[in-house]
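Peer 1: Here it is, the structure in full.
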Amino acid sequence: MSRVLVLNSGSSSVKYRLFDGTETVAKGLVERIGESGGEVADHRAALQGIMDEIDLTGLAAAGHRVVHGGAEFTGPTVITDEVVARVEALVPLAPLHNPAALTGIEVARKLLPDVPQVAVFDTAFHATIPPEGVTWAISRELAERWQIRRYGFHGTSHAYVSRRTAQVLGRDPAQTNVITLHLGNGASACAVEGGRSVATSMGMSPLPGLVMGTRSGDIDPTVIFHLHRVAGLPLDEIETSLTRHGGLQGMAGVNDLRAVLDLRAAGDPDATLAFDVYCRRIREYVGSYLAVLGRVDAIAFTAGVGENSAAVRAASLSGLEPLGIVIDPERNERRDEVISPPGARIPVCVIPTDEELEIADQSRTALSLDR
Ligand code: AMP
């Protein structure tokens, strides 16, 4: 059994989890890095603190979550100076996300010089989407020059959950088609055909697709031109409005789905509409991916909302009974692994995601280590 340390470095936080095989032997979160009154001054201090705290004996690898791998990183990748340079070159594609991961990688390589390190990309699982699923109908020249295409995110979660779904249903993942719905603070849908992603709802960035806590999800791009030209808003402000003040936050004034549900229960019309928009968007993607896959063997809900909200699960799949998609209300409330009735044509599942475990596994795969 090899020990693997998984590090998820954000701009002001570092999440870590130490695995021995599949077992978690230590985990934690350092927050508010570099902020006044925060716990630590910088990422170096944060990682040093983590390493002082945990027992690193027998550490075989460190696995880093990296959000954007562009078109070139299609799987977990052993980190070298050259890989760091290539991830740096991708910063323009993910200016909010990749710099933090790079800082984490740089510090961890210095602090653990003898431990091999692996980058696991959120985008990599979607490298199997065929060209027609990642290409937007714009000038080819512009698209190629500026790397404009769909990349997709939440890949480790969609990979893990689709595989677990097949296992829960007693099926071979390589022969199972699953629609996975990762509904957390960020949210995305994925069509998985025999273990390979063939469609996903996020794009060049994590902004499009489903409605999220603070991100708008899909909108007509003309909205941006209109807000700029007619409303006179600067581009930065429009970006903030769509990424941080959109989604549930924008429609209902709160970003946490629990708060939306409370307001809706109290009769708040904005929260009621926000819930309806949220669930309808999920239904639209499920319908789209039924058409992409042709044969669907399961639908799986995961992440904070997907795992916990029976109301969202019920509302987002309601009316799909003629397609063989049915939810049993009692199983749904109990949050069973399978929430459809026995014998349902398309089983519906609730599968807790575990992105860190998947990163640890993929890190071992990249280094040919035993689990
Ligand atoms: P995640 O990003 O996966 O941690 O998901 C976070 C989101 O899950 C929160 O913002 C909540 O909106 C949602 N969530 C967590 N617990 C519940 C719950 N019991 N019911 C509804 N939504 C929940």
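In case you wondered, yes, glycine gets a Cβ from its N, Cα and C as well.
Taken from TrEMBL, the feature active site, proton donor/acceptor applies to D122. Annotation comment: TrEMBL describes N8, E355 as Mg(2+) binding site. Under the heading ATP binding site, TrEMBL lists K15, H182, L183, G184, N185, G186, D256, L257, R258, G304, V305, G306, E307, N308. The substrate binding site annotation in TrEMBL covers R65. Marked as site 'Transition state stabilizer' by TrEMBL: H154, R215.
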Peer 1: Out of the recorded positions listed (N8, D122, R258, E355), which are within 10 Å of H154 (site 'Transition state stabilizer'), Cα to Cα?
Peer 2: D122, E355
Peer 1: Considering the recorded positions D122, D256, E307, E355, which residue's Cβ sits among the greatest number of other Cβ atoms within 10 Å?
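Peer 2: Counting Cβ neighbours within 10 Å, the top one is D122.
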Peer 1: Long-range neighbours only, meaning 6 or more apart in sequence with Cβ under 8 Å: which ones does L183 (ATP binding site) have?
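Peer 2: When sequence neighbours closer than 6 are ignored, L183 (ATP binding site) has L210, I282, F301, T302, A303, G304, V305, G306, S309, V312 within Cβ distance under 8 Å.
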Peer 1: Round to the nearest Å and give the CA-to-CA distance linking D256 (ATP binding site) with R215 (site 'Transition state stabilizer').
Peer 2: 12
Peer 1: Just checking: which of the binding-site residues K15, R65, V305 have a C-beta under 6 Å from ligand 1?
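Peer 2: Only V305 meet the Cβ criterion.
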Peer 1: What is the interatomic distance between the Cα atoms of N8 (Mg(2+) binding site) and D122 (active site, proton donor/acceptor), given in whole Å?
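Peer 2: Between the alpha carbons of N8 (Mg(2+) binding site) and D122 (active site, proton donor/acceptor) there are 11 Å.
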Peer 1: C-alpha of D122 (active site, proton donor/acceptor) to C-alpha of K15 (ATP binding site): distance in Å?
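Peer 2: About 16 Å separate the Cα atoms of these two residues.
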Peer 1: Quick one: among the binding-site residues K15, R65, which has the most Cβ atoms sitting within 10 Å of its own Cβ?
Peer 2: R65
Peer 1: Taking 10 A as the limit, how many CB atoms besides its own sit near the CB of V305 (ATP binding site)?
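Peer 2: Step by step: centre on the Cβ of V305 (ATP binding site), count other Cβ atoms within 10 Å, giving 28.
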Peer 1: Take the C-alpha atoms of K15 (ATP binding site) and R65 (substrate binding site) and report the distance between them in angstrom, rounded.
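Peer 2: It is 10 Å, counting Cα to Cα.
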Peer 1: Are there recorded positions among R65, N185, R215 that sit within 10 Å of E355 (Mg(2+) binding site), Cα to Cα? If so, list them; otherwise say none.
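Peer 2: The recorded positions passing the 10 Å Cα test are R65.
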Peer 1: Where the record says K15, H182, L183, G184, N185, G186, D256, L257, R258, G304, V305, G306, E307, N308 bind ATP, what is the longest distance in Å from one Cα to another among those residues?
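Peer 2: Across K15, H182, L183, G184, N185, G186, D256, L257, R258, G304, V305, G306, E307, N308, the two farthest Cα atoms sit 24 Å apart.
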Peer 1: Using DSSP reduced to three states, classify K15 (ATP binding site) as helix, strand or coil.
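Peer 2: Going by the DSSP assignment, K15 (ATP binding site) falls within a strand, counted as strand.
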Peer 1: For the recorded positions H154, R215, R258, which one has its C-beta crowded by the most other C-beta atoms within 10 angstroms?
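Peer 2: For the recorded positions H154, R215, R258, the Cβ with the most other Cβ atoms within 10 Å is H154.
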Peer 1: Fewest neighbouring Cβ atoms within 10 Å: which of the binding-site residues N8, N185?
Peer 2: N185
